[in-house]
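**Q** After the structure tokens below, expect a handful of questions from me.
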Number of protein chains: 2
Amino acid sequence: MTRRTPRPRERGIPEATVARLPVYLRALQSLTERGTPTVSSGELASIAGVNSAKLRKDLSHLGSYGTRGVGYDVEYLIYQISRELGLTQDWSVAIVGAGNLGRALANYGGFGTRGFRIAALFDADPAVVGDEVAGLSVRHIDTLEDVVSVEKVSIGVIATPAAAAQGVCDRFVSAGVTSVLNFAPVVLSVPDGVDVRKVDLSIELQILAFHEQRKADGHEGPGWIGALEA
Amino acid sequence: MTRRTPRPRERGIPEATVARLPVYLRALQSLTERGTPTVSSGELASIAGVNSAKLRKDLSHLGSYGTRGVGYDVEYLIYQISRELGLTQDWSVAIVGAGNLGRALANYGGFGTRGFRIAALFDADPAVVGDEVAGLSVRHIDTLEDVVSVEKVSIGVIATPAAAAQGVCDRFVSAGVTSVLNFAPVVLSVPDGVDVRKVDLSIELQILAFHEQRKADGHEGPGWIGALEA
DNA sequence: ACGCCCTTGTGAATGCGCGCACAAAGTGGG
DNA sequence: CCCACTTTGTGCGCGCATTCACAAGGGCGT
Ligand SMILES: NC(=O)c1ccc[n+]([C@@H]2O[C@H](COP(=O)([O-])OP(=O)(O)OC[C@H]3O[C@@H](n4cnc5c(N)ncnc54)[C@H](O)[C@@H]3O)[C@@H](O)[C@H]2O)c1
Ligand SMILES: NC(=O)c1ccc[n+]([C@@H]2O[C@H](COP(=O)([O-])OP(=O)(O)OC[C@H]3O[C@@H](n4cnc5c(N)ncnc54)[C@H](O)[C@@H]3O)[C@@H](O)[C@H]2O)c1
């Protein structure tokens with residue numbers, strides 16, 4: 001390490017880099033399980049499916065954690081990325097909408113292992129409230145504000161029908177939640193300072209359909225666009 | 001319009017534009033339901049949560065379908081976008097993995113309404129094969145190649161555990177599927193000409209956690225990044 | 001028929017992200 | 001101790017995407 005520059009950490013990691021850090025993290029974790037102590041940018045990039053220069057530039061935004069001629073220490077890099085992403089602390093997540101998707105999410109084990117704790121599951125339907133899902137009792141949406149406050153929920157997940165999504169989002173925001181993950185097919189509007197990310201399967205399928213049609217149309221020449229990512 | 005150029009359609013709509021067309025489509029459909037006959041770029045952009053100049057530039061890639069001083073004809077624009085995205089035809093989708101997520105997807109009604117037909121649902125677990133899900137009988141994964149061929153599946157959805165995903169993907173590809181939507185947390189590798197899109201909830205949460213941490217850290221000044229989209 | 005006003009379509013400027021290519025730096029062997 | 005080899009960290013140029021700002025186009029009222 002021995003860096004003379006006390007590493008100012010320029011305040012501001014590019015958004016594109018932030019989106020890739022979790023991918024690197026997963027690649028590194030698979031290396032740990034295999035017992036690999038160090039890894040070069042080339043190897044790691046190959047596992048993560050990115051260009052090695054891009055990977056190095058991404059990591060350089062966190063600091064200078066590699067050793068020239070050797071590579072990166074896997075454990076140390078896992079720690080640094082985790083810290084940067086805020087995964088050294090636990091985050092409480094609340095899910096609204098205990099339907100098909102909400103239940104699948106609640107039942108999914110892959111969140112807890114990464115520091116995301118599902119603190120509560122809400123629904124508006126009295127027939128659903130009280131159901132036991134993944135060890136949680138479904139709560140009534142009217143208790144959202146209380147629960148958010150008590151459980152210190154910082155991330156809200158919306159898995160309700162589209163028509164209810166904006167209303168649920170507003171309630172999350174006024175309860176103090178500043179990060180929202182939205183599965184409903186609507187554009188949410190939120191005040192500044194609140195982050196919204198959306199997961200829209202229908203859009204994904206439509207994008208695939210677009211490219212599929214292009215492949216079928218006349219110019220079925222080369223692999224023109226190829227794999228979008230790895 | 002009186003365009004001298006006989007509409008060359010320059011062969012190639014920017015990827016960023018393609019990703020937004022479905023959003024515009026949804027906004028337009030909500031306008032139709034409300035009976036609105038025409039819409040200006042400003043209004044539509046506001047509904048879709050984008051900048052109006054961006055919206056106009058996006059639409060200009062499809063052709064010159066607006067009327068100056070008036071705006072866009074809602075029905076006509078719906079048709080043009082649908083055609084461009086390939087939604088005027090039906091697409092067959094196969095889902096592999098009839099677990100929490102696979103079942104939620106199969107039960108979701110929002111796909112069929114947009115021209116995506118779920119043609120089959122596969123699993124490797126004998127205890128699951130034969131289950132009835134959303135009117136479909138879960139088939140054994142070994143019949144994948146046959147079914148893909150018979151049902152003319154063009155989009156494959158992977159909802160298996162991570163460890164099985166690459167294998168399933170390979171089978172899709174060798175069966176002739178050239179569009180894959182992957183929910184498993186792994187980087188898939190595919191030959192040129194095959195499109196892969198991934199939906200990774202864990203990554204979304206980690207990105208939110210990153211920003212959440214930043215908000216909590218010292219500089220809790222302005223809404224520095226604000227809402228990512230609308 | 002004319003001109004006002006509204007909205008589109010796009011040229012141009014700016015910014016961001018990507019990837020090449022290389023100098024700097026550290027390792028290990030002789 | 002020095003040299004050859006490996007790998008990092010990054011300067012630089014390129015292309016895509018976003019946004020501003022405005023000229024050109026078309027409807028509508030008079
Ligand atoms: N299921 C999928 O695979 C899938 C795929 C893509 C998108 N989506 C989207 O995800 C959302 C949920 O899908 P789903 O299949 O789980 O739907 P669902 O109908 O099975 O479940 C929705 C749940 O939300 C509850 N709800 C309705 N209004 C509410 C409110 N105001 N407050 C709290 N809860 C409320 C309902 O009681 C119901 O239990 C929808 O917007 C859907 O478009 C789902
Ligand atoms: N459930 C969620 O909300 C959620 C959230 C994020 C990510 N994911 C990811 O989605 C995937 C599926 O999640 P899930 O919760 O549905 O898991 P699950 O364990 O409930 O279901 C997986 C299904 O895949 C089947 N399967 C296993 N190997 C197979 C093979 N080789 N061929 C065909 N089928 C096979 C299993 O029999 C099982 O039925 C996982 O990769 C998971 O990480 C799920």
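Placement of Cβ uses the backbone N, Cα and C atoms for every residue, glycine included.
Because the structure is a prediction, the values reported are computed rather than measured.
When I checked TrEMBL for this same protein, it listed these features:
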{"type": "DNA_BIND", "residues": "A:23-62", "note": "DNA-binding region"}
{"type": "DOMAIN", "residues": "A:86-187", "note": "domain 'CoA-binding'"}
{"type": "BINDING", "residues": "A:GLY97, A:ALA98, A:GLY99, A:ASN100, A:LEU101, A:GLY102", "note": "NAD(+) binding site"}
**Q** List those binding-site residues among A:GLY97, A:ALA98, A:ASN100, A:LEU101, A:GLY102 whose Cβ lies under 8 Å from any Cβ of chain B, in sequence order, or write 'none' if there are none.
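**A** Sorted by position along the sequence, the hits are A:ASN100, A:LEU101.
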**Q** Within 10 Å of each Cβ, count the other Cβ atoms and name the one among the binding-site residues A:GLY97, A:GLY99, A:GLY102 with the highest count.
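**A** The most densely surrounded of these binding-site residues is A:GLY97.
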**Q** Least buried of the binding-site residues A:ASN100, A:LEU101, going by other Cβ atoms within 10 Å?
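**A** If we count Cβ atoms within 10 Å for the binding-site residues A:ASN100, A:LEU101, the smallest count is at A:ASN100.
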**Q** Identify, in sequence order, the residues in the chain of A:ALA98 (NAD(+) binding site) that are 6 or more apart from it along the sequence and have a CB within less than 8 Å of its CB; answer 'none' if there are none.
**A** A:ALA106, A:LEU121, A:PHE122, A:ASP123, A:ASP125, A:VAL128, A:ASP131, A:VAL133, A:VAL138, A:ALA159
**Q** According to DSSP, does A:ALA98 (NAD(+) binding site) sit in a helix, a strand, or coil?
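**A** SS state of A:ALA98 (NAD(+) binding site) = coil.
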**Q** Compute the average pLDDT of the predicted model within the domain 'CoA-binding' (A:86-187).
**A** 96
**Q** For the domain 'CoA-binding' (A:86-187), DSSP counts of helix, strand and coil?
**A** 35 helix, 30 strand, 37 coil
**Q** What does the DSSP secondary structure composition of the DNA-binding region (A:23-62) look like, as residue counts for helix, strand and coil?
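**A** DSSP composition of the DNA-binding region (A:23-62): 28 helix, 2 strand, 10 coil.
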